[in-house]
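Visitor: The L-aspartate binding site annotation in Swiss-Prot covers Gly36, Trp132, Asn185, Arg376. Under the heading N6-(pyridoxal phosphate)lysine, Swiss-Prot lists Lys248, citing similarity to another entry as support.
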Amino acid sequence: MSLFSAVEMAPRDPILGLNEAFNADTRPGKINLGVGVYYNEEGRIPLLRAVQAAEKARIEAHAPRGYLPIEGIAAYDQGVQKLLFGNESELLAAGRVVTTQAVGGTGALKLGADFLKRLLPDATVAISDPSWENHRALFEAAGFPVQNYRYYDAASNGVNRAGLLEDLNALPARSIVVLHACCHNPTGVDLELDDWKQVLDVLKAKGHVPFLDIAYQGFGNGIEEDAAAVRLFAQSGLSFFVSSSFSKSFSLYGERVGALSIVTESRDESARVLSQVKRVIRTNYSNPPTHGASVVSSVLNSPELRALWEQELGEMRDRIRDMRLAMVEQLAAHGAKRDFSFVGRQRGMFSYSGLTADQVERLKTEFGIYAVSTGRICVAALNKSNLETITKAIVQVL
């Protein structure tokens, strides 16, 4: 009998598996609204000018490619901290934030999960309903039981505020609560500042451990605005975790540039926490890759490149907003009986469209339009050339 004879075929990843199916589709007019990637008006993944300039400078400098420290590039880690907590953060001045480079936002989440398993081995993890599909898998892989807290209200196309607070309050004390800091994936429906304050009150009262995931900073209302939840928590006195990613905001998907930040109570505590996180990193991948983080670091720490990047990110954010509004208009123009105005109020790269799994399947089989079975569509994949095709098809499957 073969060593692998009992190995079962794993189910396809709901998003990356969709991409595989899309690539295998030979129809010329196919459209991919599934994977979370920003495309420009020409339907291509852009190479940002700020990134090009940073890469050019790095190539011309003939920088060596030796091993990085376990925690990554120091200037990168510091740039991440300032982006999240602000240049004048009291936490940073007090040495109360530990940041390590990570292999994408996914890697940051897994590092945090593995470290938390050592700290709180019997804790429960709570994620929003719905949430990014990999949240559950990552924390279950670390050995945690994972449950949902209510978040999205389909009737109002908004946040189920009462259900959210009730469920957070009902969790066992010292639970780990994963929260989308901005641009909620998959719904595009965010908490407002007053909501965050109420959530924070419950977390403090119950002794929960917040784990903020921020993969889309700058795609909601702006770089500073999208960090509002992180900065509110920074003022709370709580210790908490933040996973962040630059895949989207720098259009560096294949470089896997992320970071894990942990807020502690003191500089001494930070040193001890960092030593343990480094142990987790060492047993996972030893140390992180150089190129992507060096590019991001160069941009964040150069006033000229930082300004150019913020301009380019603003242009991407504006294009997504324009596509949202145009989608709402065209759906109505093509005869949709349903009110889709909520799409225009959502933030970030995604929209929870309200389409059923059967309707999504019809979009794929009849029109070659791929979306996630939950009805999540990537608004960043819309453009003026494909919008009419997409909206007409949606109206036909309603």
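Even glycines carry a Cβ here, placed using N, Cα and C.
The shown structure was predicted, so the numbers you read here are calculated from the model rather than taken from an experiment.
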Visitor: In sequence order, which same-chain residues at least six apart have a C-beta under 8 angstroms from the residue listed as 'N6-(pyridoxal phosphate)lysine'?
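Guide: Within the chain, the residue listed as 'N6-(pyridoxal phosphate)lysine' has Cβ neighbours under 8 Å at Gly36, Val37, Tyr38, Ala215, Tyr216, Phe219, Met349.
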Visitor: What whole-number distance in angstrom separates the two most remote CA atoms of the L-aspartate-binding residues Gly36, Trp132, Asn185, Arg376?
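Guide: Of all Cα pairs among the recorded L-aspartate binders, the widest measures 11 Å.
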Visitor: Beyond the listed site residues Gly36, Trp132, Asn185, Arg376, identify every same-chain residue whose Cβ lies within 8 Å of the center of their Cβ atoms for the L-aspartate site.
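Guide: Output for this site, in sequence order: Ile15, Glu133, Pro186, Met349, Phe350, Val372.
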Visitor: Can you tell which of Gly36, Trp132, Asn185, Arg376 has the most other C-beta atoms within 10 Å, given these are the binding-site residues?
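Guide: Buried the deepest by this measure is Arg376.
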Visitor: Helix, strand or coil at Arg376 (L-aspartate binding site), per DSSP?
Guide: strand
